[in-house]
Amino acid sequence: MSRESAKPHPEEGQTAPSAAAVRRARIRRETQAMILEAAGKLLAEGGVDDFSLRGVARAVGYSPAALYEYFPSKEALLDTLYFEGRGGLGDRMRAALATLPEDVSTADAMRALGHAYRSYAFENRELFLLVFSGGHAGGVAKPAADGEPIPDGVALDGRQDPTSSAAGTDDKTAFDLLVDTCARGVARGEMASRSPLVLAMAAWSTVHGFVMIELSGAMGAIPPPGGEHGAAAQLWMTDLFEATVEIAAVGFLRREPPSS
């Protein structure tokens with residue numbers, strides 16, 4: 001089934017979008033994807049320090065001002081590239097879930113998502129630290145069809161969802177996938193009877209907190225992977241992360257009431 005045919009019909013009293021509006025929305029999505037593609041190549045070539053909207057604009061043949069019709073700021077573009085660009089965090093987490101059997105336990109699915117989150121952050125260390133730095137806006141505004149940015153979800157602290165998508169696609173965001181996994185666990189009786197959103201935020205906070213501490217150097221200097229000492233240190237950190245994920249996963253599981 002195609003995405004177009006899977007879209008719900010308008011509610012009674014609502015007007016279906018015109019063919020022209022649908023075409024404009026499609027062109028907008030395609031343009032955003034083109035901009036993200038160019039931004040990803042420039043980031044891979046020059047790193048975060050040399051990245052600029054002017055450079056992206058040159059790469060796609062637009063003026064810098066024209067890019068603001070699709071992304072309200074450089075930070076928003078980088079956020080989107082990290083979370084939902086081609087090969088971004090959303091794709092990485094979808095791929096992690098796709099490798100699991102259909103009857104996988106919720107705890108194992110959570111572990112897979114946690115490891116996918118960490119490995120992606122390591123592969124994109126500079127961008128990860130920039131996106132989540134204290135001086136960075138965090139979250140993303142999703143450009144609407146009329147060009148005005150609109151919120152794409154609100155986190156518990158009132159700011160925007162930390163893993164929101166601005167790509168304008170029907171694909172679920174990385175955080176949506178985590179919420180879905182928690183919802184499935186609650187429905188199966190495998191997880192504590194709490195809101196899937198609350199469980200997902202707690203899981204994300206645990207994994208993200210570890211990765212941020214690790215990559216920011218707060219755990220002390222960790223040798224690079226090369227060499228015997230570096231390999232041993234990396235293995236130790238992986239074991240520590242696995243223990244953290246294991247403890248978190250067990251904490252989210254449903255506890256049977258004590259027998260009388």
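Cβ coordinates come from backbone N, Cα and C, glycine included.
Under the heading region 'Disordered', TrEMBL lists 1-21 (among others).
Look at TrEMBL and you will find 1-12 tagged as compositional bias 'Basic and acidic residues'.
Marked as domain 'HTH tetR-type' by TrEMBL: 29-89.
According to TrEMBL, the DNA-binding region annotation covers 52-71. Remote same-chain partners of the DNA-binding region (52-71), defined as residues 6 or more beyond its termini with a Cβ less than 8 Å from a stretch Cβ, comprise 28, 31-32, 34-35, 38-39, 41-42, 46, 77, 80, 143, 147, 166.
The region 'Disordered' annotation in TrEMBL covers 148-169 (among others).
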Whole-number mean of pLDDT values that fall within the DNA-binding region (52-71):
91
